[in-house]
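Visitor: One structure, pasted below without further comment.
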Amino acid sequence: SAGETWSEFAIRQADTMKSLRLLLAALAVVTAVLADPKKDEFKREELIENLLERTGEVTHEIYEFEAKLDARLDPDRIRRAGSLRHRVEELEDPPCPEHEHDCGGDDHQCISHLFFCDKHKDCRNGEDEKHCELPTKAGDRFVGDVVYDHCTTRKPDHITLVVESVSTAAFFPGFPTLHVHLEIHTENDEDEAEASLPADGHYSFADHELFIEPPEDDGLSLYGEFDGHNFDRFVGDIIHTGSEEPCARFIFHRDHGDDHDDDDDHDDDDHDDDHHDDDHRDKHHDKHHDKHHDDDHDKKGHH
């Protein structure tokens, strides 16, 4: 019911299961009664009728319980809950020092970004090896819609990021490198133009972050952040390497090709998310950008 907590829900369903066990016991009693030829026929029929009525009620409650349990285990619902938790965490102070990441859970532990997805469990809870499937595989396409743009020359309404290839160094598995194309289409009253800009970059499993180096000599790079739960969407900031400040923002969604109709169910959620991202990402940009440069320094030292 509305406002019911999970614990209250579980207790109520436990009561339902208890009722079922009692009914099964009652059924055993009825079976014994039916086998007794001394019992009055009317009383036996009345007992059976009452038992069947109660059995129907409990069966209905069990079906309701299964339906609610399925809803609570729905992957989309779990994903949205995780995304919401990520927003809250973004507003909090970082739990770990620079170059490190929190393992999560009640047992607080910080480990180096370099230790994520290296096929060795470093977190006591194994969190560093649980989410190691790259969300940006070769052939993947993400279409970005502009939120604001104060710095690009073309001023596109959309940017499409196409992943051409991915490679992972055996000695540095936590930071796969990517080769991509940024497809840009611009149109105005006077002109229409298209551009496909090749660029290189890398992905960080620890931070669920994507960094694309400047594809042109204007010094504008693309910094993208997934929330760690919904890997069909990321917030992409255009950053000028000189000022190290975001000067444009695009919200990217995975292009599923023929599956666009399926995505419509989530449009409202994504619209709300986009407004929320504008509210809180600027606050944390400096932290993430500095961390990116520090990670680059670590990698050079690692090599």
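Every residue, even glycine, has its Cβ placed from backbone N, Cα and C.
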Visitor: Check TrEMBL and name the cysteine among CYS117, CYS151 that pairs with CYS132 in a disulfide.
Guide: CYS117
Visitor: Radius 10 Å, atoms counted are CB only; among the disulfide-bonded residues CYS117, CYS132, which position scores highest?
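Guide: Answer by Cβ density within 10 Å: CYS117.
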